[in-house]
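Each remark here refers to the structure printed beneath this line.
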Amino acid sequence: MNIQTIMSSFTAQDKDQEVRPSSSGSWACKEVDEFDALSIEYKPKPTEKYPAKLHARNVRKYLDVGEGLIYLPGLPSFNYEDSDMPPAFRQRRYFYYITGVNLSDCIVTYNIHRDQLWLWIPPPNSGRSVIYNGARPTIKEIMSKYDFDHVETLTHLDSYLTWYAHTEPGKIHVLHDYQAPKNIELQITRKNGCHSIISESPFDSSKLEEAMNTARAIKSPYELRMIRKASAITAQGHLNVLRGLRHLSNEAEIEAIFTATCIAKQAKTQAYGVIAGSGENASTLHYMANNEPLKGRQLLCLDAGCEWDCYASDVTRTVPISGEYTEEAEAIYDIVAKMQDECIELLKPGANYRDIHIHAHKVALKGLMDLGLVEGGTFDELFMAGVSVAFFPHGLGHYVGLEVHDVGPGGSRITNRLYGFDKKPADWTDAYFQILSNTGVTSDGGSILEKDMVVTVEPGIYFSRYALEEVYLKSPNYAKYINKDLLQKYYPVGGVRIEDDLLITEDGYENLTTVLKGKEALKIINEGKEQEEEEEREANRKATESRKQKKTWFW
């Protein structure tokens, strides 16, 4: 069976097989009248628009100012260097959050005091531009489709900003200084009656990013529907890979099946590059070459998720390529599955994600000790020495939303600072502190979970030759605890990672990921295996009989 045959069979199979929930968690929160994850059909209300105004008001709440103007430019159009061809368009996510507009060369302003959201668009195009690229949407079309108080062309924006800076109260809030327009007065003189008082810049870049990060961390009902849609299509892509896996010969075919499934479902953009690492390639966390043969390798680590209307999904599954685990691979998979199951059960509002990450390390260490991969001390000694980080070197998870590694409350998207700590507590060893400082997955604002956040839980155990032999085994602090001889048996495992997207609900969590895993995934991989083996035996029997007949005829 070749890849073309596998792909052609998926359409028929999609109609016959549901994408089933993969682990605990209620479906009760899903608005099934508007979105049915099993059919992967999103059914918007007739008058539904992207909730741009709601999102703008959320930002206003966290900006905590009574007046001012939010100014956000969308992505401008541009071509590759030394080329007349543009890259694939990817809208600036902060702009998209308060607009829902996926068009280039637009700007949005939000008057905080007046509660007015305005979109500024390029003038209508004509001539060759329309012939080649189609007509840009008109003001009337945009007003009917999007949630704005007013839409105006960019030709009037400079005048509007100058008017605002001289007559309206409050600063013009921008994300970054370089995004402030350069063609209006940067220094203005405010007047009090007839007297000039102070000369100052109208722009302020100190508050908006933090406010928008905090707003974006809590998903609106519309955003959750988009993430569900992306998750459902992602599930179908993973399912199709499982169906064909035993008949594939190269990592490239795995990537092709996944992306083709997403595109066929109208999800034409991946939230990140597909990671289809087989064998020892699975030990490279962000392996994306996807070009090596599968033959003779134990596991496939497939980390892949599509976008739907700019909202991401992020799912990882690790499965045996042959449909059967080796003893070593199954042992590692069971540890990682236990890490994930226990950590997911700890999710709820008020839970500290940092503590859940620490729990994952404890489960990993216990499993590695049971296998004899780490030894030479008590559990507490090995834990405080940070030995588990040699095998589990990344954070447990991250926010998911408009970015696959989405922003969180307070600070920037990814930080190297430890959540909730400005410095290492005095009684922590450097190695133990490293376990925690690797949790750079939420923001400086802390790691406390809140209702309507979406986070991943993605524990993993890896046998990276480079990490182990060039880093940890060269450090006496780690090497004395690692069983170097036993490592040789586990290098071919490569790595195991399991990742789901979880919605924090009022009293716990809901697993948004419906991709099969564990024994259910093995059933899909091995579907038809017995029949194929019987057909192969029958073909061999007939070939043997044919050879015998020819031999008899010859004599």
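Even glycines carry a Cβ here, placed using N, Cα and C.
Listed in Swiss-Prot:
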type: BINDING; residues: Asp303, Asp314, Glu499; note: Mn(2+) 2 binding site
type: BINDING; residues: Asp314, Glu458, Glu499; note: Mn(2+) 1 binding site
type: COMPBIAS; residues: 538-547; note: compositional bias 'Basic and acidic residues'
type: REGION; residues: 527-555; note: region 'Disordered'
Length of the line joining the Cα atoms of Asp314 (Mn(2+) 2 binding site) and Glu458 (Mn(2+) 1 binding site), in Å: 10
In three-state DSSP terms, the structure that Glu458 (Mn(2+) 1 binding site) belongs to: coil
Three-class DSSP secondary structure - Asp314 (Mn(2+) 2 binding site): coil
Euclidean distance between Cα atoms of Glu458 (Mn(2+) 1 binding site) and Glu499 (Mn(2+) 2 binding site), Å: 4
Distant-in-sequence Cβ neighbours of Glu458 (Mn(2+) 1 binding site), under 8 Å, six or more positions away: Asp314, Thr316, Gln340, Leu396, Gly397, Arg497, Ile498, Glu499, Asp500
Cβ-Cβ neighbours of Asp303 (Mn(2+) 2 binding site) (radius 10 Å): 24
Additional residues surrounding Mn(2+) 2, by Cβ distance to the Asp303, Asp314, Glu499 centre under 8 Å: Ile275, Ala304, Gly305, Val315, Thr316, Thr456, Glu458, Arg497
Which listed residue (Asp314, Glu499) has most other Cβ within 10 Å, given these are binding-site residues: Asp314
The compositional bias 'Basic and acidic residues' (538-547) - residue tally per DSSP class, helix then strand then coil: 10 helix, 0 strand, 0 coil
Near-site residues: Mn(2+) 1, ref Asp314, Glu458, Glu499, CB cutoff 8 A to centroid: Asp303, Gly305, Val315, Thr316, Gly397, Thr456, Val457, Arg497, Ile498, Asp500, Asp501
